[in-house]
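*Asks:* Would you mind keeping the following structure in view while I ask a few things?
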Amino acid sequence: MLDTRKLRQDPEGVARALARRGYRLDVAHYRALDERRRELQVRTQELQNERNTRSKGIGQAKARGEDIEPLKAEVADLGRQLEAAKGELQAVQDELHDIHVGMPNLPHPDVPEGEDDSENVEVRRWGTPPEFGFRPRDHVELGELLDGGLDFEAAAKLTGARFVVMRGAVARLHRALIQFMLDTHTAEHGYQEIYVPYMVNRDSLFGTGQLPKFAADLFHLDAEQDYYLIPTAEVPVTNMARDEIIADGQLPLKFACHTPCFRSEAGSHGKDTRGMIRQHQFEKVELVQMVRPEASWEALEALTGHAETILQRLDLPYRVVTLCTGDLGFSSAKTYDIEVWLPAQETYREISSCSNFLDFQARRMQARWRNPETGKPEPLHTLNGSGLAVGRCLVAILENYQEADGRVTVPEALRPYMGGITRL
């Protein structure tokens, strides 16, 4: 949520920034609503004071033996006016609230202009895509050759499309990736491992920005409890700070969390229907940071580097791109996507998004830190990134490390987790 003081002081400036990402703020309507809100707040307070004064007068008049019926009628009329004013004030406040929660974050000035992912800007590349002396197979074909290590038919029987069953060494490789990622981030990058629920309430999803706008992307449990399956560990981990005031000495907070993630992929009909690239259930190791406001841009670069380290240790070619305004997530001020090379597709595909949300999520969550200079609680800054998406990392390993006979070499970094297995 944006700072409402900034909105009221400079709605035109906010509108210009929002227009960069395709959001139109009707400044005249917003100003009129806000002015009406102030008028109604004054009016309700005046009516409340007047009714209180007249109510006291009834007792005094009664003690003097005067006729109190006219005063009672006046108090009743003031009560009706007060209720009407309160109702109108609530309606105006509700409309303003809907505007506030529906506004995306302001893009950082460095974010490139653009309408969609085709206009994202490449920042850097690492590694060289492998050259094969044979036609490279995709991960689906490789999974079939590896003793049915990836079984999409079984998953379709159990559940439906966009799921997978893993078996044997492929399943172990998947688990090894999770352990390797968590070990690296906790031992080398200073993150604390955290385990969280895989179901959250509406307040948590509102805090990180998934609700109310993106309800169609979520799985809601049809049960007595009003819970949702998490689309990412970002939701429960970031909400650890909701309604909290964190001491300055505790910052930065850095968490690494492995969870399954659940997404309906409502807007992805017909996209990536083959294999593991886009699934309803997938594993991810998420990195979350909560920092002082002045530290968040440096933290974004560091967090992105932490995610890149995993790919470098696995010797997987990748590139980093800055998302343009049209591809930027709702809550983000700036996002780097890390895209890994997939030989079968002959292209780079997203494996991590690393974002700085500034104080946008913190304002929605009332997540604050106590500024030692002022002694007052202020919104902190939140960041997160995938470190990494485990399924897509598995796909990248299968395709980049494949051999002509369909077997797959295990990357050196994962061999300590594979119990002596060096080839699948």
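Cβ from N, Cα, C; glycine included.
According to Swiss-Prot, the protein carries these features:
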BINDING   T232, A233, E234, E286, S386  L-serine binding site
BINDING   R263, S264, E265, E350, I351, S352, S353  ATP binding site
*Asks:* Which one is closest to E350 (ATP binding site) in space, judged by CA to CA distance, out of the binding-site residues T232, A233, E234, S386?
*Replies:* S386
*Asks:* Which ones, of the binding-site residues T232, A233, E234, E286, S386, have a Cα no more than 10 Å from the Cα of S264 (ATP binding site)?
*Replies:* none
*Asks:* If the L-serine site is taken as the center of the Cβ atoms of T232, A233, E234, E286, S386, which further residues of that chain fall within 8 Å of it by their Cβ?
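*Replies:* Those within range, site residues removed, are V235, V237, C257, T259, C261, K284, V285, L287, V288, N384, G385.
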*Asks:* Measuring Cα to Cα, how many Å separate R263 (ATP binding site) from E286 (L-serine binding site)?
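*Replies:* It is 16 Å, counting Cα to Cα.
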*Asks:* Checking the binding-site residues T232, A233, E234, S386, which are within 10 Å of S353 (ATP binding site) at the Cα level?
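*Replies:* Close binding-site residues: S386.
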*Asks:* How many Å separate the Cα atoms of I351 (ATP binding site) and E234 (L-serine binding site)?
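*Replies:* About 15 Å separate the Cα atoms of these two residues.
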*Asks:* Among R263, S264, E265, E350, I351, S352, S353, the annotated ATP contacts, find the widest CA pair distance and round it to a whole Å.
*Replies:* 19
*Asks:* For the binding-site residues S264, S353, which Cβ has the most other Cβ atoms within 10 Å, all shown protein chains included?
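*Replies:* Of the binding-site residues S264, S353, the highest Cβ count within 10 Å belongs to S353.
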*Asks:* Would you mind checking how many other C-beta atoms are within 10 angstroms of the C-beta on S386 (L-serine binding site)?
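*Replies:* Cβ-Cβ neighbours of S386 (L-serine binding site) within 10 Å number 26.
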*Asks:* What's the most sparsely packed of the binding-site residues T232, S352, counting other C-beta atoms within 10 A?
*Replies:* T232
*Asks:* Going by DSSP, give the three-state secondary structure for E234 (L-serine binding site).
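*Replies:* Helix, per DSSP.
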